[in-house]
Amino acid sequence: MLKINENFVKLPASYLFVDIAKKVQLFSQQHPEKEVLRLGIGDVTRPLPKSVIQAMKDAAEEMGSSATFRGYGPEAGYLFLRDAICKNDYQGKGIEIDPDEIFVSDGAKSDTGNIGDIFDRENTVAVCDPVYPVYVDTNVMAGRAGDYSAYAGWSKIIYMPCKKENGFLPELPEENADMIYLCFPNNPTGMGIHKDELKKWVDYALERHSVILYDAAYEAFITDPEMPHSIYEIEGAKKCAIEFRSFSKTAGFTGVRCAFTVIPKELTFNGISLNRLWGRRQSTKMNGVSYIVQRGAEAVYSEKGKREVRENIAYYQNNAKIILNGLAHAGFEVYGGVNSPYIWLKTPERLSSWEFFDLLLEKANVVGTPGSGFGQAGEGYFRLTSFNTTENTKEAVERIIKSFSAA
Ligand code: MLT
């Protein structure tokens with residue numbers, strides 16, 4: 001008789017952002033007259049850069065003519081895009097990464113979720129707490145997480161609490177962590193990491209023969225010059241780290257889908273190249289990203305594209321400032337938001353994360369994300385995003401302040 005993958009049964013019934021969307025939908029159905037402001041899921045709202053649109057239009061035209069039509073593309077991505085990525089994101093910044101170390105995909109969510117395929121089920125996994133749920137849930141699916149208890153979380157996962165006391169930065173685990181997920185600037189806390197701090201992780205990984213799975217999806221929001229945009233700015237990282245990048249938050253591609261993963265050729269375990277394994281995995285399970293989308297992503301690196309992207313990021317950064325300063329001024333305890341689109345807020349009035357979510361929706365008609373949805377250490381916190389119009393952002397801040405006393 002057929003047996004299913006029992007690990008899926010162990011998972012929470014649905015994904016965090018699906019739960020939230022359902023609650024908000026229900027609220028809107030019950031109160032159609034209320035204008036709900038969404039500062040919940042980290043989804044961009046500004047339109048795509050004009051240069052990206054033009055490039056995609058041109059590419060669509062090419063697909064319509066037999067002389068320039070293209071079918072399946074290279075699984076790892078067209079060389080024109082991998083070249084542009086290398087030149088702009090790495091070589092131009094003094095980091096030696098070659099195009100054949102880049103794998104273009106449809107999203108960092110897919111890549112961070114799928115990367116576990118090339119690692120043994122027995123590996124120990126370390127994650128920050130709070131954490132982007134994809135890292136944990138996909139390891140549950142793979143059978144690496146053990147069993148869940150409300151008190152301790154997943155029995156085999158090494159949790160690295162990121163709290164106010166440690167500046168919301170993880171501490172090196174005493175245990176041997178084989179697969180270490182790090183995300184900086186962090187989702188959900190919005191905190192960035194300095195080079196000297198990240199070096200400790202690279203040293204740890206090199207010493208213990210671990211791999212760092214480094215999610216840099218929010219690097220475009222970094223303002224602090226001491227914060228690395230890539231983990232490969234740290235010496236030795238090419239021997240122990242895989243980096244995930246995305247066009248989603250940088251260039252507004254959440255609905256277009258394009259990202260890339262970097263696996264240096266130097267990254268080997270027992271003489272086996274992870275670059276080769278991932279290439280094998282990807283070429284078996286996917287046929288790459290559409291030509292039209294890759295031309296759009298290439299345009300992000302044109303002079304006009306860079307300018308437009310900078311403007312969009314600056315717009316969201318200004319929103320983050322409005323939230324951070326507005327709430328801080330009203331006496332709320334707020335973190336993040338400087339090198340990140342996310343603001344991490346201590347819930348007022350000693351409310352739990354979900355209590356605050358419900359009350360905020362009810363009283364202020366504002367949606368955020370409960371910190372506890374990202375892990376136990378997120379209890380008592382709440383995440384707001386700057387991905388909205390400046391008008392809505394200001395309005396949301398006013399409504400929050402009006403509805404809650406920060407004391
Ligand atoms: C979030 O809200 O945390 C983001 O939407 C995560 C993602 O990019 O999948």
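For all residues, glycine too, the Cβ spot is worked out from N, Cα and C.
Binding of pyridoxal 5'-phosphate is attributed by TrEMBL to Y72, A108, K109, Y132, Y218, S246, F247, S248, R257, N287, and the same site annotation extends, among N187, N318, N319, to N187. Substrate binds Y15, G42, K109, Y132, N187, N287 as TrEMBL records it, and from the list R383, R399 the residue named for this site is R383. Across the structure, N287 (substrate binding site) and S246 (pyridoxal 5'-phosphate binding site) are spaced 18 Å apart at their Cα atoms. It is S246 that, of the binding-site residues S246, N287, has its Cβ surrounded by the most other Cβ atoms within 10 Å. The Cβ neighbour count for Y72 (pyridoxal 5'-phosphate binding site), using a 10 Å radius over every protein chain in view, is 8.
Using CA atoms as reference points, the recorded positions Y72, S246, S248, K249 were checked against R383 (substrate binding site), and the closest is K249.
Listed binding-site residues: Y15, Y132; maximum Cβ neighbour count within 10 Å falls on Y132.
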